[in-house]
Amino acid sequence: MKNIFLVGMPSSGKSTLGKRLARHLAYRFVDTDKLIIRKEGGRSINDIFQTDGEAYFREVESWVLHTIKPGSRLVVATGGGMPCFHNNMAYIKETGFSIFLDVAPEQLLDRMLRHNLDDRPLFNRQDPTLLENLRQKYTDRRFFYTQADLIIPGETAVEELSKQIEMYL
Ligand SMILES: Nc1ncnc2c1ncn2[C@@H]1O[C@H](COP(=O)(O)OP(=O)(O)O)[C@@H](O)[C@H]1O
Ligand SMILES: O=C(O)C1=C[C@@H](OP(=O)(O)O)[C@@H](O)[C@H](O)C1
Ligand SMILES: [Mg+2]
């Protein structure tokens with residue numbers, strides 16, 4: 001039973017869909033940001049970025065990814081940047097089935113402004129250039145995200161997704 005990795009931009013719905021998919025398949029669910037926070041003794045993602053910098057965060061992020069045991073019936077919601085650093089996307093592809101949740105920057109912006117989630121150091125809701133930032137990151141990161149085994153639109157229902165992936169698991 002391959003682990004399933006959800007990749008994509010922040011706010012694309014990895015954590016939300018990941019939990020639903022895990023329930024549907026009777027898999028366990030993990031969120032790599034939560035694993036990082038636990039490893040760092042409960043510090044927030046913002047605190048890690050501010051105190052130790054992004055490079056340190058990316059080290060821990062990659063370390064955490066490598067602690068995920070292959071074949072353990074897990075749905076893994078990754079952090080938005082994870083596939084784009086170190087050799088993470090290669091490791092994800094080697095050890096699991098990967099799904100890119102493809103959501104356009106305009107829709108990501110809409111979700112970010114609608115929902116009050118402030119633990120995203122790279123995407124500030126008060127920033128007037130947030131849309132530009134999302135567009136730039138989306139363009140830069142697509143190279144990595146599109147290496148996923150499957151690409152789906154963000155609003156895909158869990159029943160439909162389960163049907164699409166059952167033959168790969
Ligand atoms: N398919 C969807 N349609 C509309 N809103 C969504 C959808 N999926 C997630 N959201 C909302 O967008 C926000 C970010 O979702 P989340 O699952 O945390 O994204 P990610 O883990 O990719 O950053 C949440 O507030 C969630 O309720
Ligand atoms: O896009 C990024 O580089 C990041 C996305 C976040 O995860 P989500 O995609 O779950 O928001 C989190 O890992 C960190 O703030 C960095
Ligand atoms: Mg998340």
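Keep in mind that glycine also has a Cβ here, set from the backbone N, Cα and C atoms.
Checking the candidates G80, G96 against TrEMBL: the one annotated together with D33, R58, R141 at the substrate site is G80. According to TrEMBL, the residue from R43, R73, R120 that belongs to the ATP site alongside S11, S12, G13, K14, S15, T16 is R120. R120 (ATP binding site) is 11 Å away from D33 (substrate binding site) when you measure Cα to Cα.
Counting only same-chain residues at least 6 apart in sequence, those with a Cβ under 8 Å from the Cβ of S12 (ATP binding site) are G80, L101, D102, V103, L108, G154. In this structure, the binding-site residues that sit close to ligand 2, with a C-beta under 6 angstroms from any of its atoms, are D33, G80, R120, chosen from G13, T16, D33, G80, R120, R141.
In the three-state DSSP assignment, the secondary structure recorded for T16 (ATP binding site) is helix. With respect to ligand 1, the binding-site residues R58, R120, R141 contribute no residue with a C-beta closer than 6 angstroms to one of its atoms.
Annotated ATP site S11, S12, G13, K14, S15, T16, R120; additional same-chain residues within 8 Å of its Cβ mean position, judged by their own Cβ, are G8, M9, P10, L17, A77, G80, L101, R111.
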